[in-house]
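Enquirer: Got a structure here, written out as structure tokens. Questions coming.
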Amino acid sequence: MKNVLFVFHLIRARCFWPAVNHSSLLGVDMDGGSVLAAALLYWSCGVCVVSALHRTDLVSYGALSGDLILAEGDDETSRVLTLPRPLYFYDTPFHQLYVATNGIISAQDLPMEKQYVDDGFPTDFPVVAPFLADIDTSGGRGHIYYRVTETPSVLNRVAQEVRRGFPDAKFAPTHAVVATWENVAAYEDQTQGTELSNKVNTFQAVIGYDETDSYTLFLYPEDGLNFFGTQPKELYNVKIELPARVGFSRGEVTFFIFSRSEGPFYSVTTDEKSVKRLSQVGNTGIPGVWLFHTGNRHSFENIIPAAIGGLLSTLPPEGHALSPVTLMFPFSRTLKMTQTFTLPSSRFQQQCSQNAICSDYATGFCCHCRPGFYGNGRQCLPDGAPQRVSGKVSGTVTVGSFPIVLDNIDLHAYIVVGDGRAYTAISQVPEPVGWALMPVSPVGELFGWLFALELPNSQAGFKTTGAEFTRHAEVLFNPGNQRLSIIQTGSGLDEHNHLRVETIVSGHVPLLPPGAEVTVQPFKETYQYYPSVITSSSVREFVVVSAERGSQSYTFHLKQNITYRDCRHDNRATPETLQITMERVFVMYVKEERILRYAITNKISPVGDDELLNPCYVGNHDCDTTAQCIPLEGQAFKCQCATGYTGDGHNCYDIDECAEGSDLCGDHSQCLNLPGSHRCQCWEGFEMAFDGRNCSRSHESCAHTARPSSRMRPDCSHCPSGSNTSALKMYVYNFFVDIDECSSSPCHINARCINDLGSFRCHCQPGFHGDGFYCALQEASTSRPESVCERWRASLMEHYGGKPDPQQYLPQCEPAGEFSPVQCYGHTTYCWCVDENGREVPGTRSHDVVKPACLPSVTPPTARPLPRPNVTPPPNADVTLLYAQGQKIGALPLNGTRLDSSRSRTLLTLHGSIVVGIAYDCKENQVYWTDLSARTINRASMVSGAEPEILINSNLVSPEGLAVDVKRRLMFWVDSSPDVIESANLDGSRRRILFDTDLVNPRAIIVVSSTGTLYWTDWNREAPKIESSSVDGLNRRVVVSDGVGLPNALTYDSSSGQVCWADAGTKRLECISPNGSGRRVIHPTLNYPFSMVYYRNHFYYTDWRRDGVIAVSKDSSKFTDEYLPEQRSHLYGVTIATTYCLPGKINI
């Protein structure tokens, strides 16, 4: 009782208690009253409001404190600040610092502000950023002070904060760097004649260090932040504000001798809201005070924030109560644990995702995903990352009067979460039922709802149900009254974070003619939300078109309910209704491959919301498929790489957490990298602990006799909680128990599961082969020997001891065993292209963030039997874009300058091909193309039923770009392996080499018929360029080479007479006159362009990030339209086909 009174005395006296010895209060040798006292003290300090930081609480600054003053201006950098002893930032010693106007401190002289001030982390140079934004102190608008000091009062202040934030740290600073920005203003463009704002900011950074460690304080007084971001200088008339960046970046890191890579970085803020809260919250228990461990001499992976009490101290919004507080107790004595311990302790945290926290409430516990992840807490996925689904389909479907059994056939789905695009494929579907199931898009709609694009005030289904649910749907067709039942069961996430869903279909469906096409109309559907169940009901329309029956209209009535495990203990508000909008529904049955496909674009919003036109909601943004599109004001948006990925949002790359974090997994386990995440896997005979990273052989369990009554509420503790502290201590030791994993059927259906102590094994049944998780029928013809790539990879893995370092090379192989076209050193962007034998393609080595644009050299598997490759042109199309997509040529009609996706279709299917270059002859209405797989050049008439004709099939290695001179009846192409440019008549005769020297990686080629001029690109990574010559090979010259990175795409603007190119390296679309004058940027931020065509003041280019066709207006320099094919894969060449020859006809 004395302990309790003591706690309440402390609470009444003061909630801020830096002098209290944490370990003495929280040691496990305390009696029950002491534990309760400590808990009450932590709890009370978590919920009381700590007074904010005042300006007088900043470390002393100004001339009287010995500070130097930075010159006034918009982009000033201090003179070098020489340090008396080196400061360790991350694990690197630095001997000097610079302070800059724009709210940062750096260890090297800064570049011009336009190279960094509007960009996010990481930066190219070392940065400590208390408030990185475009700051301007011109005209006396604020002052910036800085110094390095050994003043005892400053060092004691830093030491005291570190002892509070890192109780185990033995840190005695010898020096401190103090930088203060006082009443500084944001840069404002005064040419507009507007009055300057009176909003100014005050903040401070203090770096304390000794011979081994550095710690950094960011201080924000309560009235110190009045603007939270700045406007970019070079955005013409677009008014957007970029939030300030707060955090740390190591800068580029040199590895080997010749290459550099992005270093680690740490962001404190993510958006304007988090910037606003800098002075309202903190990680030290005091609002406005932020503390970080920023360097160590011996080993340092990334920034470590302080976290007193385990949570940030937050000010509650007006009119709202504080949320429940999770109390984190560090145990450091008898138990010798370095992990945090939650009170009440974490109930077999295996019930929550490893990316979630377990929170106790009055009636029980709930799981909540951590920031950067989404889900229902029991399963959490990285924000913004694409999601995959795998499972089986079984049941009996009666087509007409014929019952057909589906026996565990494969279902796979791929969802681009940032767009709400869901692609579903069901394999080995027998032909009669394949045609008949085309209208049954609800099979794939489930995945669209789970991962729909979220509009404001809504949430996709996965955030409600997680990965464990059961969906019952009934489809009633009209006319005919056929009834089909669909049951889909989500059984969790597999080891790759893929959602597992089993589907059972049974009942009757209408008989559809072979070869029929089905069009499902876009629709909206309202979902009703109740505790643990969601329901909906809707009527759909679809049209069936066939040669036998013409056009027929049908409807079906869909009724469904989705049941899931709900957690109501937190009393959170849930929506009563939400509306799913399915804008595009594409269905197709591929007879030759026996694959049934559904492709659906999904958005979820409150019922009745008007259409929002921000690109994030419309889907025509240019963010990477592994990035989130974050809407800003009006039409503005920003791209942010998904959790577990790094990049600028337009180009994102998976982070190999296993390679970057050596201590992610504990003893007796190995770290396995996943897209956007990782997992820890225990060695055989060991079992995972609740924390998801440590493994143990222990198999003891809790003494359940300690449970006082059956009415005791469920909570986060595996053992009962309460005043019985012996049970609390026992929990730490006794949470391991052998689990019969075989009870959850983890193995393949044709495998046997064997439960072991702490583990399990899967063995394929006799007659099958595989790893037990997947077993295939043992047939001599299906097995293949290990490929050269796979043997080399296995040999190097053994050489590296099973775990290569991030900078070590490991061959990347495709699933079929061939070399991946792009090879890289570990988790770096030091990459190059290889041929089918793994040999490096000269001139392709990339040293920057953009990987080289390598083309595949091995064709995808070919389905049998092969269909006849007949031409099927789109009807009633005067102007059509033709694009190459691997094994097909697609046709996309234009309506004016808009992309008419409703009339798009496959012009020509070419199984076993890799179509790259494409051109069109308007006089003969013929399409020409290069085939990288067959090593041929071909053509076909664009009339229904026409078949391809091979023109050239010898002495070609890697034919890529192709151009047709309509006037002279010639064609020109580049071959990127022998590095030549050739020409021939349109029938393939009179072939000749134009150029075979001074070429490294030629790609795009165009011909201007009206002037008889050739232009081509060479993306040689050492010296990229664009050249020209006459059509007979004379007058060769370089048109442009400066400021060129990876010029993939090339076209001609007939209205201005300029040559235009799209560059995957610089990300720019630019134009220049043939004489080298008049160069201008049309668009500065493309994604990954490959090929391009110009028509009526618009550029249309294929994009490897979006896997679609993008339209850009030359007049407005804006994206105006986008087409994303239903089947997702890279698009290559693009050209324009017209029913008449355009004036001054050229071929692009």
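Every residue gets a Cβ built from N, Cα and C, even glycine.
Predicted, not measured: the structure shown is a model, and the values here were computed from it.
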Enquirer: According to TrEMBL, the disulfide involving Cys831 connects it to which residue among Cys813, Cys824?
Expert: Cys824
Enquirer: Around Cys831 (disulfide bond), how many other CB atoms lie within 10 A of its CB?
Expert: 20
Enquirer: Under an 8 Å Cβ to Cβ limit, what residues of the same chain, 6 or more beyond the ends of the repeat 'LDL-receptor class B' (925-968), are close to it?
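Expert: Same-chain residues near the repeat 'LDL-receptor class B' (925-968) but 6 or more away: 855-859, 868-873, 882, 884, 889, 907-908, 910, 912-919, 974-978, 984, 986-988, 991, 1002-1007, 1009-1010, 1012, 1014, 1016-1017, 1031, 1050, 1133, 1135, 1137, 1139, 1141, 1145-1148.
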Enquirer: Quick one: DSSP breakdown of the repeat 'LDL-receptor class B' (1012-1056) into helix, strand and coil?
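Expert: Output for the repeat 'LDL-receptor class B' (1012-1056) reads 0 helix, 23 strand, 22 coil.
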